[in-house]
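Feature list (source: TrEMBL):
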TRANSMEM  72-93  transmembrane segment
TRANSMEM  105-125  transmembrane segment
BINDING   126, 269, 273  Zn(2+) binding site
TRANSMEM  145-165  transmembrane segment
TRANSMEM  172-190  transmembrane segment
TRANSMEM  202-221  transmembrane segment
TRANSMEM  233-252  transmembrane segment
TRANSMEM  272-291  transmembrane segment
């Protein structure tokens, strides 16, 4: 079906809201009016959307303000931001240095794909989370899978540049993060692992995925020293990324101390969403530092290879 034919269908919810259709007009409810499956954070009291049982109605909520609006738009805007940056950097990177190779594009693509999947899924999940219990449950599963894509996609280029002259270490750490990523995906998707009994194991696996970066970073510092690693992998920016993630987790439930003040703006999960985007930007900046270092200071050559040739 052509875009022209589908256009009325796409804009229909917008028109109906503007006309005051009672089935689609903006409406929010309080915590006490929610269905049991929708009740999660009782510190957020207002601004909820009722169960829609309709994807069209859920997406129509993009047009009015509710307590998921910041969660949705922060990650949808983040998705567009990284898509734009990916296109722009691809245009700039290839001709920038004669030593730039397809592998540079490939590892940067891993980062951008991971960030795009994570932020895109997250924004969509928060948009349709009021649809029904089944949709909310599957959306939540995919939201966690998106987090895995972001972590693994960020890990791959950092390992590539951190161990540029050591392909055996690259393969080892890529295998490690891939196995941990698969484990996190499994415990996120399969209901067997989503029971209360598995909760500590799920948490442990995700913590392992997050902390796994300490091993290659420590290994790199041992090989090259702290100062050189600041350029090899943009270490300062990677540390800042980690601190932003930790800050996002530490801000959990700031709304519990000020009832209703952060229902629409500034709740802990909204702040976490914004910090995730900021952390991804920090990681990208670190990758650009690493790219510059390997294609200027090192000239995309390994000292080990140079010594062998001599």
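Every residue gets a Cβ built from N, Cα and C, even glycine.
In this chain, the transmembrane segment (272-291) lies in contact with the transmembrane segment (72-93); the count of Cβ pairs under 8 Å, excluding pairs fewer than 6 apart in sequence, is at least 3.
Cβ atoms under 8 Å from those of the transmembrane segment (145-165) belong to residues 103, 107-108, 110-115, 117-122, 173-174, 177-178, 181, 184-185, 188-189, 206, 209-210, 212-213, 216-217, 220, 229, 232-233, 238, 276, 280, 283, 286-287, 290-291, 293-294, 298, 302-305 of the same chain, restricted to positions at least 6 beyond its ends.
The sparsest Cβ neighbourhood within 10 Å, among the listed binding-site residues (126, 269, 273), is found at 269. Stretch with the largest number of CB pairs closer than 8 A to the transmembrane segment (202-221), among 105-125, 172-190, 233-252, 272-291: 172-190.
Beyond the ends of the transmembrane segment (105-125), by six or more residues, the same chain brings 71-76, 78-79, 82-83, 85-86, 89-90, 93-94, 139-140, 142-143, 145-147, 149-154, 156-157, 160-161, 273, 276-277, 280, 283-284, 287, 291 to within a C-beta distance below 8 angstroms of the stretch. Listed as Cβ neighbours of the transmembrane segment (272-291) (distance under 8 Å, sequence separation of 6 or more from its ends, same chain) are residues 70-71, 74-75, 77-78, 81-82, 85, 89, 93, 104, 108, 111, 115, 118-119, 122, 150, 154, 157-158, 161-162, 230-238, 240-242, 244-245, 247-249, 251-252.
Taking the centroid of the Cβ atoms of 126, 269, 273 as the Zn(2+) site, the other same-chain residues with Cβ within 8 Å of it are 68, 70, 71, 72, 74, 75, 122, 270, 272.
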